[in-house]
Structures are given as C-alpha cells and as structure tokens.
Amino acid sequence: STPPARHAPVAIASLMEKKQASYGKGAARMAPMEVSVEAGNGAESDWLDDDGRPRRTGTVWTASAHIITAVIGSGVLSLAWAIAQLGWAAGPAIMLLFALVIYYTSTLLAECYRSGDPETGKRNYTYMDAVRSYLPGTKVKLCGVIQYANLVGVAIGYTIAASISMRAIGRADCFHYHDVRGRSGKDECKSSSNPYMIVFGVVQILFSQIPDFDQIWWLSIVAAVMSFTYSTIGLGLGIAQTVANGGIQGSLTGLSVGPGVTSMQKVWRSLQAFGNIAFAYSYSIILIEIQDTVKAPPPSEAKVMKKATGISVATTTVFYMLCGCMGYAAFGDAAPDNLLTGFGFYEPFWLLDVANAAIVLHLVGAYQVFCQPLFAFVEKWAAARWPDSAFIARELRVGPFAISVFRLTWRTAFVCLTTVVSMLLPFFGDVVGLLGAVAFWPLTVYFPVEMYIVQRGVRRGSTRWVCLKMLSAACLVVSVAAAAGSIADVIGELKEYRPFSG
C-alpha cells in the first residue's frame, strides 16, 4: 500500500545524454564542430562552446526551474501517507532532514562537473561521465548498473501510476453517477488497471520513436503546468477537508498500533515512509545534465548550480510540507496513499478528473525523459559493438520521417517489457519505496561524496574526510532500513496477489 510516482518530467533530454547519444553513427557527428572551433572559425565560435558543442545559455533561474519541475511530481500526493506513518513529531522533521542532506550532497556533486579547474577544466556532460572521471573502473560499472536499473524501475513505476490515475477518473465519474441516483456504487465501480496500462504502453511506443525528444522544448512548460495543477488541487482539497472537519487530525506519533495494525507493520510502514520521501526528493541522477545547460563561466557552473539547488530545494520543501501536512491534517492516520486516487476525496468529481488527467499527461512525458538516457546508452553501445551492421544503421523513410529499424525494434520491446512487468506487479507504492531506498544512498550520497573527496583532494583521516564518511555511513543505514520496510510490504502483497488480476 502506498504512493504513486514522483518526479515531474521536464524536457531535459537535452539534459539527459543528448550529447552521449549518436543514434547508430558513433561519435562522428561532433567531429566537424570540434575541428571548426579548433581551426578558429570566428563565426562558428560565437555560437559554440570551447569544446565544439552548442553554446549553453542557462542561468540560475532556468536551472532552478528544471530542478523544481523534475522533483515536484505525483509523489507529492503520497506525502500525507508518509507523514501519517511517522506522526506530527517525526514526519515533518524527517522531510526537512532529507531536504538538507540532498541539498548538501547536490552541492558536492555540482563541484564535480568539471575535472580540475572549476572554470576551465574538462566538462563532464552526464552523471556517468563524472563518475568515470574521478573513480576507478569497478565503481563506474557499479554506478552504471544502479543508474540504469533505477531508470527501468522508474519506467515501470510511471506505467503503474498513470494507469492508477486513468482508472481513478473512471471511478470518480462512476461514484458521482451512483451518488446522484442515491446508490452506493461501490461494487459497480470496480475495474482493472490492465487496460489502462496497455493504452499507456501504446502511447509510449509512439513517443519513444522520436529520436531527438530533447527538441520538444514545450514539454518542460507542459510538465511544470501539469505538476503544479494536480499538486495544487491536492493541497486545496486537503485544506478544504481540514476546514470541514473543524480541526486538525493526526497525532504526534502517527499511525497507532491496534486493530488491523501490528507492531511490526507499524515499524515496516515507518521505514517505508523513509523510502517514499527519498524517492520524492532525489534528483541527483539528472543534476549534472541540468548543470550542463548553464552558460560558460564566469561565474563557474558550480557556483550557479549551488544557488539553483538552494532555491529549488527550498521551494520544493515548502510545497512538500504544505501538501503532506495538510493531507495528514485532513485525514489523520487514515490518510490515503494518494489523495487523488485513494479516494480520500471523490467530490467534486470534475476537479479530480482534471487533477488525474494532469498526472497522466505529466507521466507520458516523464516516461520518455527518464528513459532517454537508457535508450541512448543501448543504441550507442550497439553502434560501437556492430558498426557495420545494416540492422543497426539502416533507416526507413516514412513520408518526411526517418525511422531507425533498430530503434523501432529495441524501444518497442523495452516499452512492452515494462508494461508487462507493471501488469504483474501493480502494487506500485511498495515498489517505489524500494526504488527510492535502493537509489538514495549510492546515487545521492555515496558517489557524490567519493567524487568530491577525489576532486578536492580531501586528506584521509582529516576532520572533513571523517564527517563526509560518517554522513555516507548514516545514509547507508537509512537506505537499508527503508529497503527492508518496502520489501516486507512487497512480500505481504505477494501472498494475496494473483498475477494480471489488475
């Protein structure tokens, strides 16, 4: 039992390994640019950076907007459930603690954007490039496995979350229809999420064939509007319910042990809440890509990114606190895992329909944005592994469009696989809590800390070195505990679940 996806999508495929992907043609595309700049072509150097890539124009405000749009997503709607497990005393405090840790480790990661001098050193275009620059081979491979496994998990999570919201639209309308006629409608309004997952999968197959998804600049605007639409609706409904109750619900310690809740369930759910909060907050996986949009120094990209991180984390925390706390104030320990689909509300039904439609539109883009690095990685690897393969390099002309045969086959197969897995494991909240727990320590804390130690030459045994290692160790303990809580809930769900039952 628990939340939907997190993270708003943002049109940052330009932020997400655009430079790394050379669909079927290796790295040859960039060579002419680089040669031109080195040859001193003044006209081209006006619109190219020193490495031959298109000149960046990002500022502290555009970087802040990218981060906020990437972080604030449908996970915000599950924060009331997370606070309900922890209570008024621990819930907001834990959320604030996660915000501080993520802000600090993000500033460490921002320092690693350039190898060597912070203004003139070699740029690292992606998270993996940064890891490769500072850490040995084994750690690079480990980071790649974790990063891309996490992206697969996110794709599965978004498929489930979108289907839940689509089904919720039908259920809200159904409840309203029966309410108008004075009937319960509880049994008549039951439905399976499988057809909605299939519909979402078909849409993703179509969108996944766009090779340069990063050029759809309007996706960032649509994503921001959608995320704030449903988040604001959830917040507004929470406030309205609190006023209707005549007071604030909940307790200092959260969910009480009693009928239907054992002591161990209380422990596991509290730990799972940690994973849900971590999943809702983390964005380190795309921080370097966002930083790579910031215009060339001075000031250094790291200084700009630190300011952007401070602005965005503060904004996100305020919004998360409002949504989570107002949801808990409205429903207390009975807070649903999603204010918009758990039917903490089902009136006004039209407002719920708007909110859930916004979530679906949001997740359509989110799926592509977070899968683009994986698509690029596989296609780049295949092009390098079989450079002379007609299957890899061949393109079909369909009207004005050129469709790669390999891209069509591989991306369609990936979408089909994530859709089938989603249908097998539709209890999304537990899976998301596990993803958040597993990814939080390595991607948000461990690798940024280790890279920073190398980049700044922090002396082993020094006070700073000890403090950084202690932070990493403490976050490891939190991740392991949160993963244990999520695994316990997954096992509980599997005991009663029948595959493909929806």
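Cβ from N, Cα, C; glycine included.
According to TrEMBL, the features are:
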DOMAIN    56-491  domain 'Amino acid transporter transmembrane'
TRANSMEM  63-84  transmembrane segment
TRANSMEM  90-113  transmembrane segment
TRANSMEM  216-240  transmembrane segment
TRANSMEM  308-329  transmembrane segment
TRANSMEM  349-370  transmembrane segment
TRANSMEM  408-428  transmembrane segment
TRANSMEM  434-454  transmembrane segment
TRANSMEM  466-488  transmembrane segment
Long-range Cβ contacts under 8 Å made by the transmembrane segment (466-488), restricted to residues 6 or more beyond its ends, are 101, 104-105, 264, 267-275, 278, 430-431, 433-434, 436-438, 440-441, 444-446, 449-450, 452-453, 458
Quiz item: Is it true that the transmembrane segment (434-454) and the transmembrane segment (90-113) have 3 or more Cβ pairs under 8 Å, skipping pairs fewer than 6 apart in sequence?
Solution: yes
Ranked by Cβ pairs within a distance under 8 Å of the transmembrane segment (90-113), the first of 216-240, 308-329, 349-370 is 308-329
Contact set of the transmembrane segment (308-329) with the rest of its chain, CB cutoff 8 A exclusive, min separation 6+ beyond the ends, reads 60-61, 63-64, 67-68, 71-72, 76-77, 79-84, 88, 91-92, 95-96, 99, 102-103, 106-107, 110, 231, 234-235, 238-239, 242, 248-250, 280-281, 287, 290, 294, 335, 339, 344
